[in-house]
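I have a structure here, written as structure tokens, and I will follow up with some questions on it.
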């Protein structure tokens, strides 16, 4: 047998490429583990919306155990409502199945958050490679994204579980769409369509943001590209397949939401000025606070501007499409402070804070692009050693600033604690047969999960008012909690109408004015105190 000298070399190239890919995946896995370490180690992860999502996962698991099927009715919120008619089911059904298999709803929640962060980081890496960036510059974009404050706060402050779960599908949709256009292989459009359908079935607002990105990509193709025909074909296939996959849920959702007619108290969900927005982007004092707009950081924004400038200067069409995607989402994140917002479909139902989150992966990609484009220019100068050294110092300063902001968010992470007083109060609710339906105050939404899951009782005020026909009445009572302007006659009247039997007050979140409510209820004969400890009080609503 003759010895083939080329064979070992080919094997080396083959396995060498695989090792390089696996090493990047391993690095992203380790980085995700570091980023999410406090979240994974917490007993009950924090977040304004976290209780809402845990309740749905628990409900799915409970239904699978008792009935052998996923639930289509939730008897624990609002006197009963169909949760998955008004909210995409995929992230809850999959986590619910994992919970059913013995992991429990909290661990299942954490596992899917971890997978979503990791896949988002990988998608950012692939998209960076797709626009012509090198391996390490692409990994740098993933690093910027995974350590960005908007991403970490999405779970540490806001608890945007389905939003985070949908983001990888959104990014992979864009990746496969761009891959299809570049290779002219329509099989990638099929994959883009599947990812688009999964985006819709995971989180409808993320799918809405993706539709805005489609508009940005289309404009970029029309103005800068010569491949508009293949793009239109690819986008058409993506849309057709995506809607076909999700139509079984999407059509009833559109019909149901139209019937309910939900509107937010504030259009866009938030009130702020442009001046505050621009100040907030650079204000580290806002880190860890439940405010919007909030911190983004000089590192991402400055490198992003540099990247956008280089994309235009070099005529990099793929980089420009990413930059335009960032800009369109950035504009929507301004909410009602921009003239164009009122012309956006469904603007009165949007939460513009999510668009601050959606724009970060695109900003991270273009920031990485800007960093290494600038390096490529500087190293061509005659005295490049000095210039490159100065650039390295400049970049290190920016990275240190970026990491310091993340470290501040990391160290300020505060999990929710199920303390003795709350446990005792839940025990009282569980074993008191007269308690049927509870309005919770001061829990900051944790009653919406704990009272059904731990005590087995209903709550009047769940935490997805878009899905109940009583949203106007519930919104009126919520505004009393948030503002402290309490009309006790109206509070009693509405709760009586909604068949509330008891009011549970937990002195946890002062923003819902639990002490004020407790003082008022103690003085009103229509409310009878049945239980009290140092943090929790329970009142019967007399008929």
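Backbone N, Cα and C atoms are what each Cβ position is placed from, and that goes for glycine too.
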According to TrEMBL, which of these ranges is transmembrane segment: 21-40, 41-60?
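In TrEMBL, the transmembrane segment feature sits at 21-40.
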If you check TrEMBL, which stretch out of 207-225, 264-282, 416-434 is marked transmembrane segment?
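Of the candidate stretches, TrEMBL labels 207-225 as transmembrane segment.
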If you look at how TrEMBL annotates this chain, which of 76-97, 230-251 comes out as transmembrane segment?
230-251
Checking feature assignment: transmembrane segment per TrEMBL, candidates 132-151, 292-311. Which range matches?
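Matching range for transmembrane segment: 292-311.
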Pick from 158-178, 452-472: which stretch is listed in TrEMBL under transmembrane segment?
158-178
Please work out which recorded stretch in 21-40, 158-178, 230-251, 323-344, 387-406 has the most C-beta pairs separated by under 8 angstroms from the transmembrane segment (356-375)?
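Out of the listed stretches, 323-344 contacts the transmembrane segment (356-375) most.
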